[in-house]
Amino acid sequence: MTPLKMKVLGFMVIMLSVSAIAKGDENESSSKPPTLVKMVKGKKMCVKDWECNVLSRFCCNLTISDFFETYQFENLFSKRNSPVAHSVGFWDYKSFIIASALFQPLGFGTTGGKQMQMKEIAAFLGHVGSKTSCGYGVATGGPLAWGLCYNKEMSPSQDYCDDYFKLTYPCSPGVQYYGRGALPIYWNYNYGKIGEALKVDLLNHPEYIEQNATLAFQAAIWQWMNPVKKGQPSAHDAFVGNWKPTKNDTLSKRVPSFGTTMNILYGDNVCNQGDIDSMNNIISHYLYFLDLMGIGREEAGPHELLTCAEQKPFNPSSSPAASSS
């Protein structure tokens, strides 16, 4: 049995539990089992059904499906199944919630109060929407309604095989490491690193990402939750305020904010280039999603916390460890 099939079988158990959520069952939140609460070294720790099923302080909070429901996902990505989209029928709410269950005990969408939780989901999905969009200025529904239009790069310009990593993440013969997923993965070393973390052989089978939406969302959330290099913040930590910037960070205009999440995920592909369209498109998706989720873009904070136009990159593109999205 292939690793992908084994992973899919594991997903099936959870999928049975979330069938009511996928159908938009209004009573799902009230029908959840009671939270198991334990005091560990004086700190409250919880387990909350299948969605946050590891003893964690974050599981004492709302789970993502408590505040983010099927209809909201459909609103955010309303054009993804239009006939002209390129991954019709691939992405859905159930896949996202199943994928998130791996990371909710670690704080993904479960950090802080309800408003911070909702803002993090809007921020993460804002990145996803921007990076998978086929929207344009006069597109039906507007340019921000076309997220999750793609699940892979349509016309790869290269194989994205970097021999610098031939000892740790050697390229598999004939395999192409072009962009795939909700936060598109490029290059052999990124497929190798993410595959190791998720215990799936993505180095030899990067196509798994474009074949399984839950795995694709898991890979994207993993990127959100983990730093590019040790000693640097993850996008999650930079957004929710866990990260404490150094003096050098402050001088580089890197502060806990949405803007810094772009720096972490894309480096100088997007940041430190002034007021460019690719950066503004990501910001626009985030603000639009805040509105659609009922939070309101006014809660995003001042413009200087949204932008990375003048932020120096954590990992300049000349560095092999630089983000490659």
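Yeah, the Cβs are placed from backbone N, Cα and C, and that goes for glycine too.
Note: TrEMBL annotation is automatic and uncurated.
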Pick out which of Cys171, Cys271 TrEMBL lists as the disulfide partner of Cys308.
Cys271
From the candidates Cys149, Cys171, select the one that TrEMBL records as forming a disulfide bond with Cys161.
Cys171
Just the number: how many Å between the Cα atoms of Cys308 (disulfide bond) and Cys161 (disulfide bond)?
29
Show which residues of the chain containing Cys161 (disulfide bond), separated from it by at least 6 in sequence, have their CB under 8 Å from its CB.
Cys171, Val175, Tyr177, Trp187, Asn188
Do you know the mean pLDDT across the domain 'Glycoside hydrolase family 19 catalytic' (72-297)?
96
Across all chains shown, how many C-beta atoms besides its own are within 10 angstroms of the C-beta of Cys271 (disulfide bond)?
27
